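Per TrEMBL, site 'Transition state stabilizer' is recorded for 24, 31. Summarising the annotation, TrEMBL assigns site 'Positions MEP for the nucleophilic attack' to 162, 218.
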């Protein structure tokens with residue numbers, strides 16, 4: 001009998017860290033649970049990520065969260081729940097460690113901000129297409145458009161050249177084994193990384209920038225909620241969701 005090498009295609013997994021309190025939003029309600037056109041911010045974000053061919057989507061929530069599991073989602077069978085940590089890195093690492101029982105090192109994991117409900121299906125697919133043959137991974141980003149100033153005590157210190165500067169977005173998508181190793185090393189070395197790309201960079205590995213859309217905003221301040229609502233409404237009218 002002739003033996004053949006069986007190549008198992010890489011699968012996709014998603015993680016949404018949602019344990020943060022959103023202190024900059026100045027609201028008693030965590031921003032992921034604020035209503036945005038008849039759904040919470042979390043529902044919008046999760047439902048859009050679950051349009052992808054993911055095997056599962058892990059939500060890392062606070063130990064005291066009594067809201068997330070009561071919400072209705074488009075594809076509830078895909079959802080898994082873990083307890084997140086104080087920092088984003090802790091929440092993502094907890095989700096990665098949970099996924100170890102299912103994922104292989106060569107699988108892909110996409111980490112998406114729960115406060116980015118306006119991500120477009122076209123941008124998600126573009127990210128997958130651009131990275132499918134990559135050995136490391138990358139992230140959605142847009143070139144910086146505005147003039148940047150470095151400031152101190154309310155005064156301009158200098159103008160920062162915007163050439164080659166990008167504004168990072170999510171999802172950030174990496175090979176499962178690499179990201180797990182990167183986050184574990186950062187944790188061991190007590191390095192606080194603010195995104196997954198930063199952890200991969202610490203390993204000295206190249207991270208690919210994939211052009212995204214300026215509408216993929218992160219809800220950070222109260223005024224962002226109205227902007228996100230306007231974007232979602234426009235997307236629905238143009239059938240871009």
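Here the Cβ of each residue, glycine as well, is placed from N, Cα and C on the backbone.
Note: TrEMBL annotation is automatic and uncurated.
Neighbour density at the Cβ, taken as the number of other Cβ atoms within 10 Å, is lowest among the recorded sites 31, 162, 218 for 162. Rounded to a whole number, the distance between the Cα atoms of residue 218 (site 'Positions MEP for the nucleophilic attack') and residue 31 (site 'Transition state stabilizer') is 11 Å.
If you take the Cα of residue 162 (site 'Positions MEP for the nucleophilic attack') and the Cα of residue 218 (site 'Positions MEP for the nucleophilic attack'), they are about 21 angstrom apart, rounded to a whole number.
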